[in-house]
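Single-structure report; data block below.
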Amino acid sequence: MAGVGSAVRRLYLSVYNWAVFFGWAQVLYYAVTTLLESGHEAVYAAVERPLQFAQTAAFLEILHGLVGLVRSPVSATLPQIGSRLFLTWGILWSFPETHSHILVTSLVISWSITEIIRYSFFGMKEAFGFAPSWLLWLRYSTFMVLYPTGISSEVGLIYIALPYMKASEKYCLRMPNKWNFSFDFFYASILSLAIYVPGSPHMFTYMLAQRKKALAKAKAA
């Protein structure tokens, strides 16, 4: 029974990783072709649906960690996926005024290259039991460029959206109300920007440690 359970787990994770891989491949293809043909102003409209699918599907990774399907710590997975879902739905989908900015292009290209590498790496490991050394190197090295460009784009887009949040009062809950609770999306977004200050260096340091560990293990093997 344990063998059957392991096979089902590997099949599920393989299908999951490759499905999301193809989602991100779509995002990158549409982003690059639209950028070259129509300019950065048209990129978001071209990638919106596959971007929403691929990024929202990542929510399952939190559940995978919680139920023990994967060994990735939820403490590392949750903030990264949470921030990306916030950008995907709370910023880009909620505030169309951001769509024509060049940072949308740098964001989706940074995200998509990162995730194409990551999901193909884990997809190969689940499907075949191994990943080639060059893919391992890409998995644990490209973040040194793509993480800063992605984070800078995230921070920039949140900042750009702030005036539109304040003017529209979207997602705000004012008192009095039956819950006796108030919420202001504008100030919550400012708080999220403040969290990036310690959070981004912490995540980058964590990924550097993971890189050192993974490449040393591969070299020893």
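Any Cβ shown, glycine's included, is placed from N, Cα and C.
Topological domains recorded in Swiss-Prot put Leu11 on the other membrane side from Glu97. Listed by sequence, the residues of this chain that lie at least six past the ends of the transmembrane segment (185-209) yet keep a Cβ under 8 A from its Cβ atoms are 76, 79-80, 83, 86, 90, 140, 143, 147-148, 151, 154-155, 158-159, 161-162, 165-166, 169-172. At the 8 Å Cβ threshold, with sequence separation of at least 6, the transmembrane segment (12-32) comes into contact with the transmembrane segment (101-121) through 3 or more pairs.
Sequence-distant contacts of Tyr147 (active site), defined as residues of its own chain at least six apart whose C-beta falls under 8 angstroms from its C-beta, comprise Ser110, Thr114, Met203, Phe204, Met207. Cβ-based neighbour count (10 Å, all protein chains) for Glu154 (active site) stands at 24. Nonlocal intrachain contacts for the topological domain 'Cytoplasmic' (71-76), taken as residues 6+ away from its ends with a CB within less than 8 angstroms of a stretch CB, comprise 61-62, 64-65, 203, 206.
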